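Taken verbatim from TrEMBL:
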DOMAIN    40-210  domain 'Ketoreductase'
TRANSMEM  6-28  transmembrane segment
TRANSMEM  289-311  transmembrane segment
Amino acid sequence: MAVPNLSFLSLLLLLLPLALLLLLYLIVRPRPTKIPIKSRHVFITGGSSGIGLALAHQAASEGARVSILARSIDKLEEAKNYIQLSTGVDVAVFAADVRDYDAVSKAVEDAGPIDVLIVNQGVFVPGELEKQGLDEVRFMVDVNLIGSFNMIKAALAGMKDRKDRGPGSIALMSSQAGQVGIYGYTAYSASKFGLRGLAEALQQEVIAHDIHVSLIFPPDTDTPGFVEECKTRPQLTSIIAESSGAMKADEVAKKALDGIKSASFFVPCNFEGLLLSTGTAGMSPQRSFVMAFVEVIATGVVRIAALGFQWNWYTSIHKWHAQNKSK
């Protein structure tokens, strides 16, 4: 009897994962789709430098009609010249502050119908909340979160009215600090965590119009803004951040654009980001039944890894405070 029992157990172990995969294939929503880039209008905020410039360059290289928006007209012209020289594509530039709804609305109107909107602008002022001025907190929330509302609201009606142009996309540039809170990122993390609620609710509101939302989670990225950030962020922030390596802006842009083209809701940019996305999936939409399977199976193991990271961070915090108290 031992051999038949063993065969039955082996069959059961094979059938259970297959049954789970079939169930997930049937229930994952929204359904998979592809977002074309070639010959389509891609509008990028924060497009004059860093990740935004890298995204604009890559989209132009893939045959998109590109518009970029930022505050500085001088930086926009520099970005325009760089893209034109390297790709031969002439991009449109719009100088506006995302905190000014009227200004971004005019830019959207002048730019024309948008197929892919990448809401990429972001600012970060590092510091512990107790030492940080409320004007700095408001600055981050206004640019990172309210600015995203302004940009999407300005573009949404036109994106819904697109006729026979295929699926559209709205992508929001969050951060790994929008997946887990980090010492010295109190206001920044709050502004980036808010983008997830915006993205999840927005996806439900626009899915009937064939518009697909992506939420991108870059790690520390080698950009001019990151260089300035490192000069002023708390020592403990730097100690904790040592566990995560920085990426190049071009690398992040490629991961981000690939995620947008596959209409992925969560777009991690490295292995650590994938672990964070798996561990924080919760009630978020998932198009891929294979990734849904990974999330279901791996959540427990990822939670253990997350607790290991938290143990390391809190150990560093207590050690740092103990050392500084003795001085």
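Residue 1 is the first one shown; counting continues down the chain.
Here the Cβ of each residue, glycine as well, is placed from N, Cα and C on the backbone.
Remember, TrEMBL labels are computer predictions, not curated facts.
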In the same chain, residues at least 6 away from the ends of the transmembrane segment (6-28) whose Cβ sits under 8 Å of its Cβ atoms read 286-290, 292-293, 296
Tell me, roughly as an integer, the mean pLDDT over the domain 'Ketoreductase' (40-210).
96
Other than its close neighbours in sequence, what residues sit by the transmembrane segment (289-311), given a CB gap under 8 Å and a spacing of at least six beyond its ends?
17, 20-21, 24-25, 28, 180, 243, 275, 278-279, 281
